[in-house]
Amino acid sequence: MSGPSREEESKVDEREHKEGEGNRLLEVDGENETEEDDEAAYESGEKIVVVDFEFDSVDDSAVPPFSWKKLWMFTGPGFLMSIAFLDPGNLEGDLQAGAIAGYSLLWLLMWATFMGLLIQLLSARVGVATGRHLAELCRDEYPNWARYVLWFMAELALIGADIQEVIGSAIAIQILSRGVLPLWAGVLITASDCFFFLFLENYGVRKLEAAFAVLIATMAISFAWMFGDTKPSGKELLMGILIPRLSSKTIRQAVGVVGCVIMPHNVFLHSALVQSRKIDPLKKGRVQEALNYYNIESTVALSVTFMINLFVTTVFAKGFYDTKQAKSIGLVNAGQYLEEKYGGGLFPILYIWGIGLLAAGQSSTITGTYAGQFIMGGFLNLRLKKWLRALITRSCAIVPTIIVAIVYNSSEASLDVLNEWLNVLQSVQIPFALIPLLTLVSKERIMGSFKIGPVLQRVAWTVAALIIVINGYLLVDFFVSEVNGVLFGFVACSCTVLYIAFLVYLISQSGALPSALVDRLPKGFSVTEN
């Protein structure tokens, strides 16, 4: 039997080539479909296109010259991020620091803001350089069991922060309504109007950013007005900022000042917010340009938050330091104490405080919902409609908050104790945002040429270690005073062991530990592929 002719062989080869090409196209299409199915912070059509002004270069590594117009176009994400530095929990920490420690902790407030700025700049760096946010990167970097633990911790932190923020808004509504509306009614109002602000996003990211700008301006005007009314001592204010002072009586307030500044969910949030601008991560010049503008914007935003926190601290330092009310003052009764101290005036200070607190609570509640969407979508890769994700994340916080509002409606002391527990919850979660961030931003495989250098790595890890140690002190101090009973103590110790073991695991994967020490860790501490 004769073999196939040369013409037939040519046809077979051509058919196989076409089939192979078709299979390759199917594979590429499948990969693209997978990429499209991945959860993203912003869809392509939602991103703001930053227009070049008279700059055209074929060199992708060239950084365009500075432009005020471009800075304005990049302005927004940093101010949304800065809201977490002004939430009701921070305001309570400010007023208690002022009332108990006077002006002596203002220097710590300034340096804590600097530390917070460094962490947020690294978060923005990850988002811009990779085109993905921190929760998405954690999903790919860690094995399934670890990323689920990280997601659970992030959700716990978010719920704790949300309860504080919603309660803060509800207290403000109660103040402004002269007690007509109870706490639970304020909680429901805060829950519903959150969707109104998220609805603004349908009209563009800039509309939402403008709404937040109004809320921040409201806070700034309200607390600056209070500052002007009370006339704090300029000399003591400068001494408080420039001269570090700390005593055994003010350690708890000092820890609170630092602990309130770093919010776990905010670290995840900022890496997602910076993606609202359309930036090609393959063009190094454009990435560097975006980082430059975001660095400027974030610095300005946190400078504004520092001034607002400064106003609140100095007002309460002037009015209540070394008085019998100092140790009992909190968000619930702060407005009443201010009114008793400074009276009515042209515009009663009680209402000024209420307006500022309401703006703080409303804005931080919305950014909390926003962060919840990114955290859930990033870790779990859920592609849900935004309103549905907002409903889920809102419900996780609103349901327990309503219970809290009903139970603690008439008990100021109990509400303050609850707030302490929530602060402890925040402190526990901080390492689970900081360590993954510092791990990812230091890896060339993920960041490319935008990974941070050795010097910045040491500074960042030193700041992270300082924050973790400070919050660790808060935990130890709190549990020593609050944990009673054998069963409760056993549960607390067991949780502490698991907590420390997971921290050791995260640090062992970060590259921050010497390799000789990592080799001695149990085999279960090595990263496995998902």
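Note: Cβ is positioned from N, Cα and C throughout, glycine not excepted.
Annotation source TrEMBL lists compositional bias 'Basic and acidic residues' at 1-27. TrEMBL lists 28-41 with the feature compositional bias 'Acidic residues'. Annotation source TrEMBL lists region 'Disordered' at 1-41. For 106-128, 149-175, 181-199, 211-228, 300-321, 342-360, 391-409, 421-438, 459-480, 486-507, the entry in TrEMBL reads transmembrane segment.
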Beyond the flanks of the transmembrane segment (149-175) by 6 or more, those residues with Cβ under 8 Å of it: 84, 87-89, 91-92, 135, 138, 142, 181-187, 189-191, 263-265, 268, 331-332, 335, 350-351, 353-355, 357-358, 360-362, 364-365, 368-369, 371-372, 375-376, 379-380, 393, 396-398, 400-401, 404-405, 415, 419, 422, 425-426, 428-430, 432-433, 436, 502
Dominant neighbour of the transmembrane segment (211-228) in 106-128, 300-321, 421-438, 459-480, 486-507, by Cβ pairs under 8 Å: 300-321
Beyond the flanks of the transmembrane segment (459-480) by at least 6 residues, Cβ under 8 Å: 115, 118-119, 122, 251-252, 255-256, 258-259, 262, 420, 423-424, 427-428, 430-431, 434-435, 438, 441, 452, 492, 512
Residues from the same chain, set at least six apart from the ends of the transmembrane segment (106-128), whose C-beta lies under 8 A from its own: 41, 77-78, 81, 85, 94, 97, 134, 137, 237, 240-246, 254, 257-258, 261-262, 266-268, 270-275, 279, 281, 287, 290-291, 294-295, 298-299, 302, 305-306, 309-310, 313-314, 434, 437-438, 440-441, 447, 450, 452, 459-460, 463-464, 466-467
Beyond the flanks of the transmembrane segment (300-321) by 6 or more, those residues with Cβ under 8 Å of it: 78-79, 81-82, 85-86, 90-91, 94-103, 105-106, 109-110, 113, 116-117, 120, 216, 219-220, 223-224, 226-227, 230-233, 236-237, 240, 329, 334, 337-338, 341-342
Tertiary contacts of the transmembrane segment (421-438), as residues 6+ beyond its ends and Cβ separation under 8 Å: 89, 93, 119, 122-123, 126, 134, 137-138, 141-142, 149-150, 153-154, 156-157, 160-161, 163-164, 256, 259-260, 262-265, 267-268, 271, 457, 460-461, 464, 467-468, 471-472, 474-475, 478, 499, 502-503, 506-507, 510, 512
